[in-house]
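According to TrEMBL:
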type	residues	note
DOMAIN	1-58	domain 'TECR-like N-terminal'
TRANSMEM	63-85	transmembrane segment
DOMAIN	133-286	domain '3-oxo-5-alpha-steroid 4-dehydrogenase C-terminal'
TRANSMEM	144-162	transmembrane segment
TRANSMEM	174-193	transmembrane segment
TRANSMEM	213-228	transmembrane segment
TRANSMEM	234-254	transmembrane segment
């Protein structure tokens, strides 16, 4: 290949020789145990001499991220309704198609549905993915996580024996305001990140705050979308005062902290002028 060839061009050449391995399924590396090279990287800019040995790894069957998110987020939306409407096979025939006497149960259903409808809208109209696909085998694991927790939360929140929060309307109203603010913040960050790739480029760029006040969290953290996401589930926990929701929130926080740290250290590694004040997910702490 020519020295000015990009990794994407090399993937396409490899695909022509071996049609069973389409570009999204290929991992091209300089070292068998190293990281995959990005499509936009140019061969002559890599740490190689006049000759280079590239290593190929089969990533397995792939599925597009848009399809992944649509599947993951549609499930919780409809699963929750099975419990909210108290289908006969959920709580028994005596409680079938009955309604909860507590208004917070209706409010929780509205908030839960709003959250996943927002995610679906973002998937279709907002998100621009740096990686177009993920391994097909991961879809089962991801769906078990999202769909399973949606069923667990919905079962207890809509249970006939469910009791409302201890501090009544004050606690619920506070949680709803917090929920809406975090949802607005999360959406604003996703739009700001999408705007970085408006030209279709997949090159990583440093995100900065915009005129939108919700994006000002970029002054303090690298992944404010995760910060707002955790805030959303904390508010939902306060609203419902339900232990399974709290456990789900804790797991979300742990997982998103791992993702945020990984992205944060990638920014630090790739950009020498990256803002030093930023933390991965919690301002000044974590």
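Going from the start of the chain as shown, residues are counted 1 onward.
Positions of Cβ are set from backbone N, Cα and C atoms, glycine also.
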Please report, as numbers and ranges, the same-chain residues at least 6 past the borders of the transmembrane segment (144-162) whose CB is under 8 Å from any CB of it. 72-73, 75-76, 79-80, 82-84, 86, 90-91, 95, 98, 100, 102, 105, 108-109, 112, 240, 242-245, 248
Per DSSP, what is the residue count of the domain 'TECR-like N-terminal' (1-58) in each of helix, strand and coil? 17 helix, 10 strand, 31 coil
Residue numbers, six or more beyond the limits of the transmembrane segment (213-228), whose CB comes under 8 Å of its CB atoms: 182-186, 188-190, 192-193, 207, 256-257, 259-260, 263-264, 267, 275, 277-284
